[in-house]
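The structure under discussion appears below in the form of structure tokens.
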Amino acid sequence: MSQNELTTGDFTDEHEPFGLFETWLTEAKASEINDPNAVALATVDESGLPNVRMVLLKDFDQNGFVFYTNFESQKGTEILSQKKAAMCFHWKSLRRQVRLRGEVEVVSDAEADAYYQTRPIGSRIGAWASKQSRPLESRFALEKAVAEYTARYALGSIPRPAHWSGFRIKPLTIEFWRDGKFRLHDRIEFRREALGQPWNKVRMYP
């Protein structure tokens, strides 16, 4: 996609954020080298100190943006404590960015179970073996845990650990950014006062 194609077309005419996000994500899937669903996830600890890391978006709809993790990890404990988070998608191939922030809820057990069973066997075993975000004495200790859980679940299905599930970020703001010449970028932000309220669209200075 050429620079001219990237910066033509007025996406700022859109009046609803989820449809626009779906369009941009679809285009990113065609242009990004890998992981077009990779997103920076920001959380804060009890002192207000932020943490950020990359996760993979696994689902989204009008209700929000879903990813899965170990609830005993740093991000898991911070989200369960604060009930808020932010995300930032950056697609370099498209020169586009989407930022969002909002309230967070835990997905249903049915949703988590369904997604968990789609994961490779090694990933399901890893969810049991890894005490995510806690000190690890050696690589051997991790590999030993993997071997132990592999043997335990050699026959039959691998159940989802109680500490492993998904979060849904229900955005209160979603901002779309597109690169422009001379740093004169295009930015629009969709805002709502509360969940369930209508969106208000604001064009922003770059």
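Each position is counted from 1, following the chain as shown.
Here the Cβ of each residue, glycine as well, is placed from N, Cα and C on the backbone.
Since we're looking at a predicted model, the values are computed, not measured.
Annotated features, as they stand in Swiss-Prot:
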type	residues	note
BINDING	ARG53, MET54, VAL55, LEU56, LEU57, LYS58, TYR68, THR69, LYS75, GLN97, GLN132, SER133, TRP177, ARG187	FMN binding site
BINDING	LYS58, TYR115, ARG119, SER123, ARG183, LEU184, HIS185	substrate binding site
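This view paints the features noted in Swiss-Prot onto the structure.
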{"residue": "ARG53", "record": "FMN binding site", "DSSP (3 states)": "strand"}
{"residue": "LYS58", "record": "substrate binding site", "DSSP (3 states)": "coil"}
{"residue": "TYR68", "record": "FMN binding site", "DSSP (3 states)": "strand"}
{"residue": "TYR115", "record": "substrate binding site", "DSSP (3 states)": "helix"}
{"residue": "SER123", "record": "substrate binding site", "DSSP (3 states)": "helix"}
{"residue": "GLN132", "record": "FMN binding site", "DSSP (3 states)": "coil"}
{"residue": "ARG183", "record": "substrate binding site", "DSSP (3 states)": "helix"}
Task = Consider the binding-site residues LEU57, TYR68, TRP177 and say which one has the Cα lying nearest the Cα of SER123 (substrate binding site).
result = TYR68
Query = Relative to the Cα of TRP177 (FMN binding site), which of the binding-site residues TYR115, LEU184, HIS185 has the closest Cα?
reply = HIS185
Ask   = For substrate, with binders LYS58, TYR115, ARG119, SER123, ARG183, LEU184, HIS185, what's the maximum Cα separation in whole Å?
value = 43
Remark   = One should report the C-alpha separation between LYS58 (substrate binding site) and LYS75 (FMN binding site), rounded to whole angstrom, as 16
Request  = Just report the maximum Cα pair distance in Å for the recorded FMN binders ARG53, MET54, VAL55, LEU56, LEU57, LYS58, TYR68, THR69, LYS75, GLN97, GLN132, SER133, TRP177, ARG187, no decimals.
outcome  = 37
Query = Roughly how many Å separate the Cα of TYR115 (substrate binding site) from that of TYR68 (FMN binding site), to the nearest whole number?
reply = 9
Rounded Cα separation (Å) that holds between HIS185 (substrate binding site) and ARG53 (FMN binding site) = 26
Most Cβ neighbours inside 10 Å, all chains, among the binding-site residues SER123, GLN132 = GLN132
Request  = State the Cα to Cα distance, in Å, between VAL55 (FMN binding site) and ARG119 (substrate binding site), rounded to an integer.
outcome  = 15
Among ARG119, ARG183, LEU184, which are recorded as binding-site residues, the nearest neighbour of ARG53 (FMN binding site) by Cα = ARG119
